[in-house]
Each structure stands twice: as structure tokens, then as C-alpha cells.
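Quick notes on the structure that follows.
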Amino acid sequence: MNFNINILGTGGTRPLHNRYLTSVLIEYHGESILFDCGEATQMSLRKQKISWQKIKMICITHLHADHITGLLGIVMLMAQSGDTRKEPLTIIGPIGIKKYLETNIELLRVHKNYQIIYKEIIINKTEPVLYEDKRKRIEYIKLKHSIDCIGYLFIEKDKPGKFDTQKAESLNIPKGPIRKKLQEGYEVILNGRKIVPSEILGEIKKGLKFAYITDTAYFEELSTYIQNFNLVIIESTFKDDLKEEAKKKLHLTAKLAAQITKKAKVYQTGLIHFSERYTLNKDLYELLNEAQQEYPNGNIFLAKDGMKLKANKDKFIIK
């Protein structure tokens, strides 16, 4: 299955020597989608030997520095790589993302040899579906932070089941366009008889659902957007002893993150966006322990810089 999730960074506020700022990249059927682009994201791409030229879309959650300061560098890198990029780059984010980037491009006189397509989200007005093709769709949800902030949902479409050649032949369905339409999930009329895909296709293969959620305070409705998702990468900025600070700063504790995914019956939960105060492994494992105590059957793990998750049937395997 051609579906990988790469963890480029896991920290909040500022990068550390062993922890870059929170950023996640999806590789899906030869194309890449980048979620957030803080300082040093470019370094993570280099370390993990990921081609920036394959990035077709960059989705920014909000206009705080630790989520956008690497964006200009990526745009410049794409332009300076031998003038080979021909595909447009789509950048999605809240109102202001275009002004932020275009102002910097103008001031620094950046030469671009490719088109940037901006899609600025007006929360509660922009339609939830941001992008859709035959394989997938990308939606946004409103989060609760000190400025406009967006969570992203990557939803793979269901796939038709295996084509039963013997059944097709027994129904005298000829090879060619009619079989192709059935394989694509469409009904056909053959010799006056309606044939539905379920007659010759095996069980539908459910598509995978992934969510990227940071930065946000806890709110009840959040779990409704990610019901039964296969994997949710969600901020876990603080341990529970700092829950009041988390509430004040509109962030989550690891325990609250687990409450959200437990309520949503999420299959796998990845914790991310750790406070810079947690520099020791024991601090991070305390975060993990608090989340696991809240959701013991939640398949909860710590996201780590350089981690790669590979889709395997209905779950993601950490490589």
C-alpha cells in the first residue's frame, strides 16, 4: 500500500538539537502533502531523504512562528533546485498565509519558476472539503486556540473489492468498458438487465482516515470530527500537572488528548508538539504514561523525529 506518514518534527515553540518543530508529511501514491512547516523542516526532509519536489500541497494550521517559519525556505528550495519544478504548489491555511509568504518573497526578491496556488480558509464560511480526487479528500475542522487554527483530515476513499472474473463470465459480461465501469463502482445495463457492482466485486476495502490536530484547547465537539479514525496525530504539549497552564494557553495535556481520541474510538493515537521544557526521555514517557492510563486500549505512542509509519491494511506500522 502506497501510503506513508513521516514525522519531521515533534516540538513546540522552538527547535531543540534533537527535536525539530512539529511537522508531518504524507507520502501517497507518488505525491506528498506537508502539514505545518516550522523552522528546520527543510533539515528534516534532507535527513529523511524525502524529495521536496514531490510536495504538491502544504497545509498550515495557524500563523504562529513555530508552525510557519520554515515555509519560505521550502518555497526557495523548490525554486533553486535547477529550475526543474513545473508543477504548481498549493498552500492552504488561514487568512493571512498569502500575505505572509508573498511579502517575504517580494522583500527577499525570491525568483519562483513555478506557480503557487493559495487557498485561504475563512473559518465557518469555507466549505469543509478543501480538496478531492478519485482516491482521497482533505477536509478542515476549526480548532480552539488563541488565533484562528485549523485541524486537517485526510480521508482515503473506499476501494472496490476484488473483481470476480468467473462470476463476470457466468453473467456474460464482456471484457472492456462495461467491466471497467463495474470495477469503478458503477451500475451497468446489459441486455436490458441491471447489474450492480456487488454482484461481481468482493467486499469493499475501507479507506484509511488520518487526522493532524495541533494547536488546540479541549472542547467537546472535537471528538465528533474524528470518529473511528485509523490514526490521529494530536498535540500533547503538557503533562497533567500543568493542566491549568494548558487551559490558559489553549493547549492540550497528554491526558486530554487521550480523552478526545478515546471518545472518538480512534484506533491509533500519536502524541506530538511537546513543550520545550520536556528535554529528557523520562519526561516524554511520563506524558505517554498519562495518555495510556486514560485510554489503555488506544494504541498510543510518542511521535518521534524521523519516525515513519507505513499503512498496512487498517492500521499504520511504525518502521
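Backbone N, Cα and C atoms are what each Cβ position is placed from, and that goes for glycine too.
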Out of Asp36, Asp164, Asp215, which does Swiss-Prot tie to the same Zn(2+) 1 site as His62, His64, His145?
Asp215
By a simple count, how many Cβ atoms lie within 10 Å of the Cβ of His62 (Zn(2+) 1 binding site), its own Cβ left out?
22
Let me check the 10 A CB neighbour count of His273 (Zn(2+) 2 binding site). How many other CB atoms are there?
28
What three-state secondary structure does DSSP assign to His273 (Zn(2+) 2 binding site)?
coil
Euclidean distance between Cα atoms of Asp215 (Zn(2+) 1 binding site) and His67 (Zn(2+) 2 binding site), Å:
10
If you draw a 10 Å sphere on the Cβ of Asp66 (active site, proton acceptor), how many other Cβ atoms land inside?
23
If you take the centroid of the Cβ atoms of His62, His64, His145, Asp215, the listed Zn(2+) 1 site, which other residues of that chain have their Cβ within 8 Å of it?
Thr61, Leu63, His67, Leu143, Ser146, Ile147, Cys149, Thr214, Thr216, Leu250
To test your reading of the Zn(2+) 2 site: which residues beyond Asp66, His67, Asp215, His273, same chain only, put their Cβ within 8 Å of the Cβ centroid of those residues?
Gly12, Thr13, Leu21, Thr22, Asp36, Gly38, Thr61, His62, His64, Thr214, Glu235
